[in-house]
Every structure is written in structure tokens, then in C-alpha cells.
Amino acid sequence: MTHEKLMKKPELTQEEANAALRLAIRQTESCLGEFSQQFKSIFSEGGFYSPAPNEQWTNGFWTGELWLAYENSGDDRFREAAAKQIDSFLTRIETGNRTDTHDLGFLYSLSCVAGYKLTGNQTARKAALLAADRLKSRFHQKGRFIQAWGSLENRNNYRLIIDCLLNLPLLYWATEETGLPEYADVARAHLETALSVIIRPDYSTYHTYYFDPDTGIPLRGVTHQGYSADSAWARGQSWGVYGLALSYRYTKDPKYLEDFKHVTDYFISHLPENLIPYWDFIFEEGSEEPWDSSASAIAICGILEMCKYLPEAEAAPYLAAAKRMMKALVDLCAVTSPEISNGQLLHGVYGKKTPYNDCIDHGIDECNLWGDYYYVEALTRMTKDWNPYW
Ligand code: GLY
């Protein structure tokens, strides 16, 4: 999609953004009964989530959605439901229940940092700092990166993934909160390593990158959920967009700003006519492959965050793109009634098996928790000056 073509598309108006946000809050409200004591499953099936325990990488997104609903409505029922979930996050980090992962930022920024920022909840602060400690402990000195998944001793796990950029704000926050520089130092070191390997010459990105456990030397880029090692997984690219914006927010390092522009330009210029990306950018206009609406929601949040720091003239084309992408999400993907779905954003993809990746088919053309969360965050950003939970 060229910039010229993009500019011919309609943008989401302020009234439309307000109306979409009101609808989204009603959707969250309709889930309060079933999902206050329990969490939601990772993705919907036939449009509907089931109740699930707090043991996946996605649980923070639902709590984050509750905090957004509280902030946007002032309705205490959302605050009470989110606050109740804080205890579960403390137990999870204290008992180490499936915390052998870099996903601690997704989990704890949106649940506990958010709860602490919005209500001063001290249990939330404690849980988030414990999570930051755990995340920091996954840093490998030799390779200078935070390991994505699994045991740190297993040599086959010696790799980083682009998604981790969204987990770095938990570390920046921990430094701000405690005054101890080591959290942010790890975040910066990881980011430097990631950026040195993960962005290709055409500014598409690798999903994951392996290193040699003996020497720390970068070995090869591969994919887990993208189409193939060399393709551009749409969600991976969007993690790059938003991750760079968030690291820029904390560091103001001009290099991150330049990288942000490159990966974002790649994302926008590879959108199809309807402005909803296919799940991998290898697919072109007219493909029958499913979309990944969540990738668009994530990228919009990243663009809106970075536009706060760009001079007006530089921000303008990015802002215009974000408003047009948002219009497409609202028109083509938003859930409009609890009878259709108990989520927010239709047409996401969690993973789709190909001969060249190692994921399984799941959550295809469904809602997923991060798509829901980022959609509501994006609407929030479009309707007020929002203080991020990140
Ligand atoms: N971070 C996992 C995913 O994007 O599916």
C-alpha cells in the first residue's frame, strides 16, 4: 500500500472512536460475570472464550482490558474485578507457576504495573517487581540477550524472539521504581543484541534468532509462527513497531527512532487494500489466507505512542496511517454484540502450521486476548491522552 493510496482511505473520526470505545466497554462488561474469578482462554473458539486458569502467557491481557474499562468508564465493578486478579498474579510469581518464560512483561505490566499505577495497590507493585527480577534472571551474559522460552540450561533454547521487545518496559519500570539501574541495563543490552540481528536489510524482521551457547555468537534467524524463516510474520513485525516505540519512550535513543520508522514503513507499505494484514506479509493482495487483526492493533498502538515524540510534520503521515488502519479494524473486525462473540476483535491468528514453521494450527480466524487488549488500548489512545501501563 503506497502512502498515496493509503491517504485515499477514510480515517476513523473522533465520534467513531468514541462510539467504538463505548461498545468495547460494553463487551468487557458482558464478561464480568463469567470472567471475574477466572481468566479467559488464549483465543476464542467459534468466537467465544472459555474460562481458564492463570497459567498462560496471555492472562495479563484480560486483566489489562479490565483496567482499561475501569479507566475509561470510572465504573468500580471493573476496578474490583481487576484488583481481585492481582492476588493470582502474586501467587503465580511466588510459586513460579509457568514463569519460565520472557512473557513476564506481557503478564505483569498489564495486570500489576497497571494496577499499581492506577490504584497504588502495593501487592501489585510487589508482584511486578518479583516478575522483573525473574525476567532479568533470564539474561545471558555471553550472548547478551534475554532467553525467550524454557529452561536456561537447555542449549536448544539459546535464542531470543522479537516479541520480547514488549517485555522490556517491565524492566525500565522496575529501574524507575527502585532506582536500581540493572533492570534497564539488561533491557538495553537485550535490545542492542536483538536489533543487531533481527532487522533484515529490507527492514522486515526475523521472528527468532539463535546464538551459539559456547561463544554467544549469533547463528541464524528462524521462525516459530511465521510462514518461513525468511518471511515477515505480521505479528512479529508489529512487535517490532511497538517494542521500538516503547524503548524509545524510556530511553529517547535516536537509533530506536530510526529503526522504528523503518520497521513501521515496512508494515504499512505491505498492507493489502483493506488495511488488515494477512498473518504473514508473504501473502499478497487477493490471497485466501486469514488476516491477523491483532498485528494491526499492536502496530497502531506503537505508532500512536511514537507520534507523541515526533515533530508534528514527521508524526503526521504516521498518525494518518494509524487512523486509517483503525477505521479498518473498527469496520471489519470489531465485535458489535455479545451475541456474536465474548471478545473484542475478530479475525486474528494465533498460529498457522506451514511446512516451514514449527507451530500448530490454533486460534485461526478467531479473537485472541492480545488482539482484544491492543484494540481497546488503541481506542483509548485515540480518545484521550493515555498514560501507558507499559
Ligand atoms: N508472543 C506470542 C505471540 O505473539 O503469539
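For all residues, glycine too, the Cβ spot is worked out from N, Cα and C.
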Figure out which of ASP100, ASP103, ASP133, ASP265 sits with ASP163, GLY221, THR223, ARG235, TRP239 in the substrate site per TrEMBL.
ASP103
Spatially closest candidate among ASP103, GLY221, THR223, ARG235, TRP239, the listed recorded positions, to ASP163 (active site, proton donor) (Cα to Cα):
TRP239
Near ligand 1, which of the recorded positions show up if the criterion is a Cβ under 6 Å from one of its atoms? Options: ASP163, ARG235, TRP239.
ASP163, ARG235
In three-state terms from DSSP, label ASP103 (active site, nucleophile) for me.
coil
Provide the number of Cβ atoms within 10 Å of the Cβ of ASP163 (active site, proton donor), excluding the reference atom itself.
25
